[in-house]
Amino acid sequence: MKAWDDGFRRTLLLTLIFALVAGLWLLGGDTVISGLFPNTTPPEWQEAWKEGLYLLVISLIFFLLLRREAAIAARHRQALIENRDHYRQFYAEAPVAYQSVDSKGNIREVNHQWECLTGYSRQEALGRPMRSLISERGLPAFDATYVRFLRGEDIGGTELLLCHRDGRELILKVEIRVRREFWHGEAEDICANTYCALFDVTAQRHFEEALRESESRLSLALENATDGIWDWHVATGETYFSPRWETMLGFEHGELPPNYRSWTDRVHPDDLPLAEAALEAHFAGRTPEYAIDHRLRTKGGRWKWILARGRVVERDAAGQPLRMVGTHVDIDRRKSMEQRLIASEARYHLVAQAGRVAAWELWPETGRLLGDPMLFRLLGYQPKDLSDAWAEWIKLALPESQRQIEEEIERLRRGDAQRVSLEMQVRHKSGRTVWLHCNGRLMDEGEDGIERVLGICVDISELRQAMADLQARETQFQELLDSLREGVWAAELDGSRILYVNRAVEEIYGRPAKAFDEQPELWLEAVHPQDRKGVEERTARLWDDGRVELEYRICHPDGEVHWVLDNKSVIMDAQGRPVRIGGVMTDITRRKQAEQALIREHLQAERYLEVAEVMLLGLDQQGHIKLLNRKGYEILGYEPGSLEGRDWFETVLPDGEVEPVRQIFDEIMQGRVDLHTYVENEIVTRSGERRLIAWRNATVRDDEERITGTFSSGSDITELHLAASERERLRRELAQAQKMEAVGRLTSGIAHDFNNILASVLGYTGLAIERFAGECPAKMRDYLYEVQTAGERARDLVAQLLRFSRGSGSEPQCLQLIPLVKEVVKMLQAPMTTGITFETDLDPDTPPVYIDPVQAHQALVNLCINARDAMGGRGMIHISLHRLKQVQAECASCHKILNGEWVELSVSDEGVGIEPGQLNHIFDPFFTTKELDEGSGMGLAVTRGVVEQHGGHILVNSVPGEGSCFRLLLPLAAEMALKNERLSSSPDTTVPERISGHLLVVDDEHSLIDYLQDLLQSQGCRVTAVDNAQKALECFMDAPESFDLVISDQIMPNMTGSELARRLLAIRPGLPVIIYSGNSESLDEKRAHEMGISRFLRKPVEPRTLLQVVAELLPATD
């Protein structure tokens, strides 16, 4: 640029000089000519010389201008040559394969990377038709692309199948750009050249195909697996359940939420702590895998035994678990089977893109780097964000990459290498790491004499990530398939080559996987000769049915024979075309051996059936009669052989006992409960007669210790049992009467002190509400009302316990039970846990009963609380109410035989049930199966007392592990009692506004004295309070006429309240006296009236009631 400016200045200066000379010549040309020529020279010659000299000056000026333009054009040509060489070098050294093709499809030019990619030299390629390099499979796609090329369409990117020089087929992604030229005389532009960038994606496509095959194998394994599979993301709780997992519990696929709670909510409460402890041990690394047996609740509410296994497959940097996979095996019938681990079907997606190319130039000596806009975009920066300082650019690389870059640059400086090629990690502006593949070459020194490195970068982040993900997924698939107990295999459609077998197939066949590669015919030759033809015939049906299942024997090289269950199916591609066959096979040798052993045992047992004098019974897993001897048919009254194959429970058990006994039998078959070796139960003969049979039982097992049925012997003990039952009933009645007498004495002893406490609580609470309710905050006022309500309920409960302990009559009334049931449900719904729900079945036509409402309320509450505790705070409580017109049963409480018409109020739960040995003790006072601080054992005892006081009875139905049902049978109320109840009116509880008088208050509880004194003084009374009867007597004797009323407790040390009243009335007859007591068997309303006592009240006394009685005995004042 500087040289061009100097030349322009020189040319301009000369042009100005000549222009000045020409001007002077024009102005003084005549004078010059006159001086040069003599006067004799003709004027024409002089004019001619003048014009000649003028043209000479003009020619010199144009010559100088043409010389300047020629110099400029020469410099431009030199610049174009340099640029051409620069881009030619860039084109030749690029790490991406480039080629150009003319309009006829012939190759015009290729670079070095193209030669490396295809195996052809540049000389072999130039002029060669591009179509000749395309493989036969790729010709249709190439021809379609070439037609678009001839039409002048913009092609952009496409994929072609190219044959390498060594015969390999390459899958190339081709980016195409068409250069067009306009020829004069034509109506439209003509395609002249096409420039292509070729990227080898062969490995990527092969990886994708391998991934699809792996996913197909895994899908086949999951589809044919018999276990439930789960995939738990620990941090989020998200959990995948396979369809088999949900159907194993009776649910439809997708019916359960995909989260961790769907498992924990269904684990048995007794098993959940153990399962969680096992999980924690595995998370902490103390166990290599998670493995435990536990129970899960099915959709129908039944508990099912599950063998759970799992393993953490992903952890974070701190070692905390992120993902865990495992299996659930239904071991109700297969509890001894080896555990299997199946991971969830992986859901990954591999995406690859052709890399983008960025160019750069580096001057190592000056530390300067220039990059094109693409380089900035690859790193997330704008050109203004980074300078051209090499020191700033190299800081973007990670430390290890910085070291590699510096080593490569140093090699270039020393002259050890002319090229540089490496992969590096660079920080993106967003903070993520970008992988770049860089290629560069040391260029010759330029005009400035400084060497530079010219190169390009390709973003390979997605490719490296895809390769890493694919490798990890392939490893994961292989580990998962090898962990299965089932064998998974895949083969060519014609069976000529075995494509894949997992480790379980090697164990089933007794041969290594490589043996099938070397001898594919071993796959069929290993089949037992007697089964081989059947296998071939069934396999031939695979193309019609799409799937076959067959059992056959495999012969090991050592002669050992194994039975297998093989599920074969045709595997389709995405277009629905068959691509291979595959299957899942299971070793069922032990099952077959067990079946054969069972047949042998059956034949042997039949030899002894006819000679036994007891009933011999054999049942299969479904409860069907497999064998019954002559004695059994004789007892049941059926013809020999007529019951073979029939359901034992439906045939001989009484109504109402079929389902409970069947459930227990199912649990025995599933191994959840042990079989009782001795049991007694009733059966119904063909004639309808009930007979009691004493059974001795045993389970029948196969070689794998799986339960396959039961075998029992039974003796008819009907007559013996009737006599023993009568003796036991009489003994229980006597023992129960003795227990209840002891409870009554204990209850009476503590009621007095408890009522004193309640009197203080209710009294002071009432004063607080009356005096400060308008001043205190609303929340405080609510608290006081809650305290008062609780105290009143406690008061009613103590009164009920006293009536229950003394066996005295309560205050029954004709009561409709439906409102009471709804009130109890509403009251209990809130305090009970959210896991408890109520379901009611209330018949609106149910007649009323004659019962104390408070006691009925308490009895129902006790049964609901027992139901909640039996279910562990989670489940459904069912309450039903209806009229029972006819019943014949034995009362579970008094053991009397009852019949007739009743109102039945029942409470059912889904809890653990009651063991048979505990049924005779559940109504005993203080009997409980709960922990020491979880129950008093009085709930059912109080309920029994309430029912018996009102002429009722209790029936109990319970099956351990399934729940209990308590049925209260209450007698119907008479119509007259209902009429009297409707006509009754509530007493007047109006509190007088003001009373006056001098009152003497006597009580040995100071808190009650203070409360009564405060209450009565607030109404205008003058109160004298003393804490014992002797002081009260002395105080009264000092001024008998000064007291208008005496209020005294009944039970006090040294002198009772009634004795004090007798002495005071002896001194002053007609004196108003009020006696109150929390528990006094020696004094009641009738006896108090006979002694001259004005009123007898029971603690705790409500303030309104006390003030009303005082107002009645004293005149009110204004």
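Along the chain as shown, the residues are counted starting at 1.
Each Cβ is built from the backbone N, Cα and C atoms, and glycine gets one as well.
Annotated features in TrEMBL:
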- 83-153: domain 'PAS' (DOMAIN)
- 214-286: domain 'PAS' (DOMAIN)
- 290-343: domain 'PAC' (DOMAIN)
- 420-472: domain 'PAC' (DOMAIN)
- 473-546: domain 'PAS' (DOMAIN)
- 548-600: domain 'PAC' (DOMAIN)
- 601-672: domain 'PAS' (DOMAIN)
- 677-729: domain 'PAC' (DOMAIN)
- 749-974: domain 'Histidine kinase' (DOMAIN)
- 998-1114: domain 'Response regulatory' (DOMAIN)
- Asp1049: 4-aspartylphosphate (MOD_RES)
- 12-28: transmembrane segment (TRANSMEM)
| query | Where, among 420-472, 473-546, 601-672, 749-974, do we find the most CB pairs under 8 A to the domain 'PAS' (214-286)? | reply | 473-546
| message | Tell me if the domain 'PAS' (601-672) touches the domain 'Histidine kinase' (749-974). I count contact as 3 or more CB pairs below 8 A, with pairs 6 or more residues apart. | response | yes
| said: Does the structure show the domain 'PAC' (420-472) and the domain 'PAS' (83-153) touching, where I'm treating 3 or more Cβ pairs under 8 angstroms (sequence separation 6 or more) as a contact? | reply: yes
| In the domain 'PAS' (83-153), how many residues does DSSP assign to helix, to strand and to coil? | 41 helix, 13 strand, 17 coil
| query | With pairs 6 or more apart in sequence, are the domain 'PAC' (677-729) and the domain 'PAC' (548-600) linked by at least 3 Cβ pairs under 8 Å? | reply | yes
| Stretch-averaged pLDDT - the domain 'Histidine kinase' (749-974) | 78
| said: If I restrict to non-local contacts, at least six residues apart, and a C-beta distance under 8 angstroms, what lies near Asp1049 (4-aspartylphosphate) in its own chain? | reply: Val1002, Asp1003, Asp1004, Glu1005, Leu1008, Gly1057, Ile1075, Tyr1076, Ser1077
| remark: Checked against DSSP, the composition of the domain 'PAS' (214-286) is 33 helix, 12 strand, 28 coil
| Helix, strand and coil totals (DSSP H, G, I; E, B; other) for the domain 'PAS' (473-546) | 44 helix, 10 strand, 20 coil
